[in-house]
């Protein structure tokens, strides 16, 4: 069903006018759009990494219990992951620029609130609201890039740059977070103040550079949005809380929430199928009770079902990346007893290599088959935790940790960058933000899921090894022998590697016929009297 477009305000234009904007936009403005969207991704990822490296200081300053401490990370990931799909659809209907600005303002306000928080509970709640802001900015950024840059070499560059925001954000958060925690008087609070400033600058840049919104008169599937959001919140909450609940996974409220969450997600899928069947029915009028679906289930079957495969690979590979980051940071600070500054220095290669890798993706995505990026990226991602699973603690940083850091960022970027370009290519114009939100949701869900699984493995191994050595662990496990801790870290990294290896197998079996997903045309900018027009030429032309 085609979208009905209308002019809503001075920031809203028709589809025909939007097409004209694509031609008339200058090269510098295009660069500004890419940089602004990339900055939004940097802010999103740094919101996780900067807090991770500040956790010990936050724990001491606010006297937070250890089981509550994990929610400073999980609350952000939970809220942003659960609301991505909802805000992605709102952005497609009401305007991606509006959604981006609202999300950015939310980031500024709640980042400042986090900086002034005086209790652990307040900080966790504010972190959840901070994540909702990210849920609005990330899918709208993906939709803005897909709309601003039709299939071309420039689109490949745009998405590769956006993907570079992930390693840059991770390194930025760890580097700046580590520095601020050690040298500023307000310590961990400074990281939130910095995020607020960067978010404000990003919002100003978006207001200036983004094209006017293309809006729609379609109704919003509020029923589906409510059902799936509540269901996802319950499921993701259980994944993060199940291990630390009083009776573990047998705790009554854990069982109840998981059951209700699964039922609600199932109802959402049935409801979306019902709505999608009625799209092409000429006798069925649209209404608030029969709107277009929030997420067309046919989206999962695009490209002969490979859309679903890409989403699964994204989830598995992101599981490895996020959990590797979690455990290597604990290894540095808890086992090697490094300071936040020393830990930060060991992550600097991620920043440099991540940028170079995404540049290479932009150069070669139009020349190499997609399966090369998918299989190669997942295998490189798997080799990174394998190196740390075999680590010799007495060896130099350059022997194990440095190559592992290089491999993890290269592998993750190959999969993420090429995956986003593939999804932008097969998604319809009116569902770009939803498709991007779905892709990002897979990555966000991995932050909680594998960290939980690898934590279970770590705890089991440490307890077993400690018992064999005749040591009874205390409630926090801080008296575990170093040899038991080392085996725990190694086992957690083997768990990380298993997920990436499953992704590699899936990619090799299901993506061999995809071919090249990047565009083979190049962009040429031609000077005119008023602006720089963009036109497409073939390589031979």
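Using the three backbone atoms N, Cα and C, a Cβ is placed for every residue, glycine included.
What TrEMBL records for 33-521 is domain 'Major facilitator superfamily (MFS) profile'. Here TrEMBL flags 27-49, 69-87, 99-118, 157-180, 192-210, 222-240, 252-271, 307-327, 347-365, 370-391, 397-423, 494-517 (among others) as transmembrane segment.
Contacts between the transmembrane segment (252-271) and the transmembrane segment (222-240): present, as 3 or more C-beta pairs lie under 8 angstroms, all at sequence separation of six or more. Relative to the transmembrane segment (347-365), the listed stretch 397-423 leads the set 192-210, 307-327, 397-423 in CB pairs under 8 A. Among the recorded stretches 69-87, 192-210, 494-517, the one sharing the largest number of Cβ pairs closer than 8 Å with the transmembrane segment (27-49) is 192-210.
Below 8 angstroms of C-beta separation, residues 49, 52, 170, 299-301, 374, 377-378, 381-382, 384-385, 388, 404, 408, 411-412, 415-416, 419, 422-423, 426, 438-439, 442-443, 445-447, 449-451, 454, 458, 489, 492-493, 495-497, 499-500, 502-503, 506-507, 510-511 of the same chain, each at least six residues beyond the ends of the transmembrane segment (307-327), sit close to that stretch. Of the Cβ pairs linking the transmembrane segment (397-423) with the transmembrane segment (192-210) and spaced 6 or more residues apart, fewer than 3 are under 8 Å, so the two regions do not touch. Listed by sequence, the residues of this chain that lie at least six past the ends of the transmembrane segment (157-180) yet keep a Cβ under 8 A from its Cβ atoms are 33-35, 37-54, 141-142, 145, 148-149, 187-188, 190-191, 194, 325, 329, 340-341, 343-345, 347-348, 350-351, 353-355, 357-359, 361-362, 365, 409, 412-413, 416-417, 420-421, 424. If one looks beyond the transmembrane segment (192-210) by at least 6 residues along the same chain, the residues whose Cβ comes under 8 Å of a Cβ in the stretch are 29, 32-33, 35-36, 39-40, 42-43, 46-47, 50, 96-97, 100-101, 104-105, 107-108, 111-112, 114-115, 133, 144, 176, 180, 186.
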